[in-house]
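Each remark here refers to the structure printed beneath this line.
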Amino acid sequence: MRSFDKFKIWVLCICLVSELGYGFYLPGSYPHKYGVGDYLNVKVNSLTSIDTELPYSYYSLPFCKPEEGVKDSAENLGELLMGDRIENSPYRFKMYTNETEVFLCQTKPLSADEFKLLKERIDEMYQVNLILDNLPAIRYTRKENYFLRWTGYPVGIKVQDAYYVFNHLKFTVLVHKFEETNVARVMGTGDGSEVISTVGNEGSDAPGYMVVGFEVVPCSFQHTPDSLKNLKMYNKLPSPIKCDPTTVSMAIKENEPVSFTYEVNFVESDIKWPSRWDAYLKMEGAKVHWFSILNSLMVITFLAGIVLVIFLRTIRRDLARYDELDKEAQAQMNEELSGWKLVVGDVFRAPSNPGLLCAMVGDGVQILGMAVVTIMFAALGFMSPASRGTLITGMLFFYMILGVAAGYVSVRLWRTIFCGDHKGWVGVAWKAACFFPGLSFLILTVLNFLLWGSHSTGAIPFSLFVVLILLWFCISVPLTLIGGYLGAKAPHIEYPVRTNQIPREIPAQKYPSWLLVLGAGTLPFGTLFIELFFIMSSLWMGRVYYVFGFLLIVMILLVVVCAEVSLVLTYMHLCVEDWKWWWKSFFASGSVAIYIFLYSINYLIFDLKSLSGPVSATLYLGYSLFMVLAIMFATGTVGFLSSFWFVHYLFSSVKLD
């Protein structure tokens, strides 16, 4: 009967989950139904450029403003940190209603400053980013029989010595007929208020549509002054407009106004709503992407397997030979010991700067745990590109929660190093709570001053800085201290051998051991350098990164390789009687950060050739430094913990007196 009761409970749970699946949608992924004639409001995001990497507000340029005034859309913490500034725009459509020659506005005569700023933004290749129903505007260009996809459209173009602005936009909105008969249970906030329930209107034959595509073609068109007289916003121009993207005619001049117009065409498409992001997620050379990652995974797995097999055979043969001897032979062998057996009295001697090591290991556990959990959620679709800012917001949330793990690991390691002594655990927990976040705040503050000086929307507002500090000291620090308290109460790990009072002298080495440690990072770097290219492209080239499943596989493989590399290096150091393995095991795998930083410099020189100005280069190097520090903490922690386990296991397997 108990088995039958468990079966009924499982069936009930499955039914409940299924019911919830019908009733709710993932954030940012629920469909919006619009009736014919319903208003569609276009939003604007920050102006962006791969030439400067500095985002600016859309209304920092002399563009048309909406009649009701400029209003910020609801933004989450991740959007603010990424420099997104989503605002309303004057562009508005009516569902399934084609419109042409729609007059938007005529600006005031351009002042000297506005004219200069427009020219600078055109020279720096800034793109205007529009959003309709959470879909960015996409632009297609043809080059050598290939269609290239771009998000947004350029502010203008320079032809010879003249500057032309794209003042007429030709929109194409792809729609798909709404197929759901009941969406009353759809829940959401913000744009979710636009969802229309069909409950009670089942007899109505009025069709509903969903937006599944948003395309834009920018044009430069010179309007005649007479055709714009007495026109108000959204009036129809008396003369037709021929939108030809291959020609330009609206040259900007100082003390002359600029007129803006648009047209919109609705096209019914076979694209279904769940597939509407496919156009943005398709990347050029996708087959090469998949093949390269798979090939890299196979090669690194094969090499790591060989290293691991050789390593295990060597250790097992050494231990088996020792265990087969009788007591007299073991006693005689102890007198003729060599290699790692000679450092038995020093192998667990406390390292230099133990508090710093404990704090870095604790921070590494926190960063690694945050990365794994975030990537898993992203791979499951909870942090899709459709939900802007959720990836950064999720990373901050998981990082703060995992402060408990950071405090626990750092304090328990501290007590293990000092054989169970409780003294100083509060200071260690404080170091773990403040060391990496303190470095991060220092880097971000310096970079933020540069962004403030450039008047970029990428600058973190002062109010958000206060919020981040409050999150740090009111949530992350207390959780880390709680974890430290739990670590202080937990039993420490007992060493299998005693430590001598006088440290053993380390023999002179043919080569500096740190050279081998720094060179060990090449193998972990080989597991991720291909994936690193796509990540860098998404960060700095405006592409959408979405292959989180492969990223999760690469991360798991990276953890395995870091552990194996650190084990091998630790064993090699012990074999040459070098018992100072603590920091070397950390940096053996953590040195992969050096190669990632060198790769970042290589990417800056050869792939971001258009990046201009010392501010842009400083921002790039600053964010790269922040990234490699986090990677060094995470990979170094993997190497240290695996080496600690190995050394403890090795000297527990054979008793030496």
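Each residue, glycine too, has its Cβ placed from N, Cα and C.
Note that the structure is predicted; figures quoted are calculated from it, not measured.
The transmembrane segment feature in TrEMBL is assigned to 290-312 (among others).
The transmembrane segment annotation in TrEMBL covers 356-383 (among others).
The transmembrane segment annotation in TrEMBL covers 389-411 (among others). Below 8 angstroms of C-beta separation, residues 27-28, 75-82, 84, 358-359, 361-363, 365-367, 369-371, 373-374, 377-378, 382-383, 425, 428-429, 431-433, 471, 475-477, 479-488, 490 of the same chain, each at least six residues beyond the ends of the transmembrane segment (389-411), sit close to that stretch.
Taken from TrEMBL, the feature transmembrane segment applies to 432-452 (among others).
TrEMBL lists 464-488 (among others) with the feature transmembrane segment.
What TrEMBL lists as transmembrane segment is 514-540 (among others). Below 8 angstroms of C-beta separation, residues 50, 53, 283, 289, 292-293, 296-297, 299-300, 303-304, 547, 550-551, 554, 557-558, 561-562, 565-566, 568-569, 572, 584, 587-596, 599-600, 603, 607-608, 620, 623, 635 of the same chain, each at least six residues beyond the ends of the transmembrane segment (514-540), sit close to that stretch.
What TrEMBL records for 546-569 (among others) is transmembrane segment.
What TrEMBL lists as transmembrane segment is 581-605 (among others). Panel annotation: around the transmembrane segment (581-605), residues 347, 351-352, 357, 360-361, 513-514, 517-522, 524-525, 528-529, 532-533, 536, 540, 562-563, 565-566, 569-570, 573-574, 611, 617, 620-621, 624-625, 627-629, 631-633, 635-640, 642-644, 647 of the same chain, lying at least six beyond its termini, place a Cβ under 8 Å from a Cβ of the stretch.
The transmembrane segment annotation in TrEMBL covers 625-651 (among others).
If one looks beyond the transmembrane segment (464-488) by at least 6 residues along the same chain, the residues whose Cβ comes under 8 Å of a Cβ in the stretch are 77, 80-81, 362, 396, 399-401, 403-412, 414-415, 422, 425-426, 428-430, 432-434, 437, 441, 448. With a cut-off of 8 Å between Cβ atoms, the residues of this chain six or more beyond the transmembrane segment (432-452) that come close are 54, 356, 358-360, 362-363, 366-367, 403, 406-407, 410-411, 458-460, 465, 468-469, 472, 476-477, 480-481, 484, 615, 618-619, 622-623, 625-626, 629-630, 633.
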